[in-house]
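Note sheet for the following structure.
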Amino acid sequence: MATMAILQRTFSFILIFSIALHLKSLFAMETDSGAELKYLELIHEANEFTPDEEYDYIVVGGGTAGCPLAATLSENYSVLVLERGGDQHSHPNIIRQENVANNALPADDENSPSQAFTSEDGVPGLVRGRVLGGSSMINFGFYSRGDDYFFKNTGIEWDMDSVKTAYEWVEETLVHRPDNVSTWESSVRDALLEVGVLPDNGNTLDHLVGTKVSGSTFDSTGNRHGAVELLNKANPNNLRVIVHATVDRIIFSSSESSGPSVVRVVYHDSHGKSYQVGIRENGEVILSAGAFGSPQLLLVSGVGPSQNLTSLEIPVVHDQPFVGQYMIDNPRINLALMLPFSVVDSGTPVVGITGKGSYIETTSSSTPFTSPVSPLYFPYPYPPVNISMGYFFGKVSNPTSAGSLWLKSPSDVAITPSVRFNYFSKPEDVHQCADAVATYEKILKTKAMEMYKFKDHGGEKYFQIVGRQIPENTSDFESMATYCRKTVTTFYHYCGGCTVNKVVDSNLKVVGIGGLRVVDNSVFTSSPGTNPQATTMMLGRYMGVKIQQERAGSDGDN
């Protein structure tokens, strides 16, 4: 019994440790081509660059939406991008697929490409991108287009032909289709089909109910192609990208007739030196700082609930009660299996989209157990052990549970705001979680999964589940609610805080403020599809085209 207790503790540690290390490429290192690095000519360190006094557009945040947005706007207008992080060559490890898990590990130093924090719900390991290209440079590379529900319910007046064209603009540069999948992924795909997650949709980027293999922003050699490469499509004469430039606040002018309008932004470099830069007539400041950064910048600049701002001694520019509200994160429910034989590390291109709303994704890893705690369980000289693991990740789509964001600091934007998502506060979300777990239960009974069972001394076969066991009765609401709340983790698919028809209008202009727009996931009330990065990059391109069309019409009227 003591031995089993030790093994259980070991397995629990392995679950945490190996999830953090579970994507490693088998491919050799290959350098970026010159064409892919053309955008480097546009990048300047903030402490080495003196900006012009004014630009047509200032994009705050060179992330997943900001890069395609800036590249598009630069076709006809001058654009300045202000990015708080460095570029990928300050963090060369983020380029390779084998380093993905390490990049997602909690990072606390101010120079890391990701910034970690814990939600007020007590869920740890949430991260914000802090690198040019944003979260597209530190994620797992899964690429899939948005779903119909998303497009019908965002409040944005989409032109679906333009949406399709914008997706294709992104995909021709960044997206790769896996030629094949690993043994584990093939087994999971077969199991999903066996339990009725139908039809088999093959290899597609579209969001379709059933089982499919999707795209990836990692190529066949294991190199990442993030949103930063979309800057290669820019007009280099019109675009300047400043890294290690942290925007502190937005400055407004005000008149009784027109209300507040953006005048300029204030930012500082890595040495703490402050700069101010303005916008030209008919220009805009566009926030693309993400679901945490964009509402945070509005709040520190005096746009938000007046009572909260006053309590922090922030001068109120515009009373906007919905800034920081409707914060949503899709809950993730994990099932981890120790496998009886070595497997090839795999990404996440296989997904099952169930008819009940939940999505099932998967990955596998073979992790060397060389952690600092090994000597505690295996006296020296302890043998190296490769732990093979298979994972199921269940995603609750379109959760109805929502929370809010508020400032920890009234002036220091380097401090991530407090955020509470209220995971599983609504019964609809618990039912989706229960559906995902019930699907796991069915999957474990399929022929496709038989090969992953262990045998005990009596010849009985069993799965070695690592972590909390699935409840015996998945139809019991209370036991499932407890299970879901105790096992919840993040899918990193945050949205909200500047939602449409609350903070911004259908054209993503901040209501009541002139010259200010928000273009990123903070305007969404649900995360698009199985993974938001495709739609977030599409949004940047889509809005860049739309803004130019608006501007051309406006200039033509003058």
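Each Cβ is built from the backbone N, Cα and C atoms, and glycine gets one as well.
The signal peptide feature in Swiss-Prot is assigned to 1-28; the stated evidence is sequence analysis.
Residues or ranges marked as FAD binding site by Swiss-Prot: 64-65, 83-84, VAL131, SER135, 139-142, VAL247, 492-493, 532-533. For VAL131 (FAD binding site), the count of additional Cβ atoms within 10 Å of its Cβ stands at 28 [all protein chains shown].
Proximity of ASN76 (N-linked glycosylation site) to non-local residues of its own chain (separation of 6 or more, Cβ distance below 8 Å) is seen for ASN235, ASN238, GLN548, ARG551, given in sequence order. Positions annotated as N-linked glycosylation site by Swiss-Prot, on the basis of sequence analysis: ASN76 (among others).
DSSP assigns ASN180 (N-linked glycosylation site) to coil in the three-state reduction, outside any helix or strand. Annotation comment: Swiss-Prot describes ASN180 (among others) as N-linked glycosylation site, evidence class sequence analysis.
The N-linked glycosylation site feature in Swiss-Prot is assigned to ASN308 (among others). Sequence-distant neighbours of ASN308 (N-linked glycosylation site): residues of the same chain at least 6 apart with a C-beta under 8 Å from its C-beta are LEU299, TRP406, LEU407.
Look at Swiss-Prot and you will find ASN386 (among others) tagged as N-linked glycosylation site.
For CYS433 (disulfide bond), the same-chain residues that are 6 or more apart in sequence and have a Cβ closer than 8 Å to its Cβ are PRO331, ILE333, SER358, GLY394, VAL396, PHE424, MET480, TYR483, CYS484. Here Swiss-Prot flags CYS433-CYS484 as disulfide bond, drawing on similarity to another entry.
Under the DSSP three-state reduction, ASN473 (N-linked glycosylation site) is assigned to coil, being neither helix nor strand. For ASN473 (N-linked glycosylation site), applying a Cβ distance below 8 Å and a minimum sequence separation of six or more within one chain yields SER479. The N-linked glycosylation site annotation in Swiss-Prot covers ASN473 (among others), and the record cites sequence analysis as its basis.
Counting only same-chain residues six or more apart in sequence, the Cβ atoms lying under 8 angstroms from the Cβ of HIS493 (FAD binding site) belong to ASP329, ASN330, LYS395, SER527, ASN531, PRO532. Annotation comment: Swiss-Prot describes HIS493 as active site, proton donor.
Summarising the annotation, Swiss-Prot assigns active site, proton acceptor to ASN531. According to DSSP, ASN531 (active site, proton acceptor) is assigned to coil rather than to any helix or strand.
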Q: Have a look at the binding-site residues THR64, GLU83, GLY141, VAL247, GLN533 and say which one has the shortest Cα distance to ASN180 (N-linked glycosylation site).
A: GLY141
Q | Long-range Cβ environment of GLU83 (FAD binding site), under 8 Å and at least 6 residues apart | A | GLY61, GLY62, GLY63, GLY66, VAL131, LEU132, VAL241, ILE242, VAL243, HIS244, ALA245
Q.
Which secondary structure state does DSSP assign to VAL131 (FAD binding site), in the simple three-class scheme?
A. strand
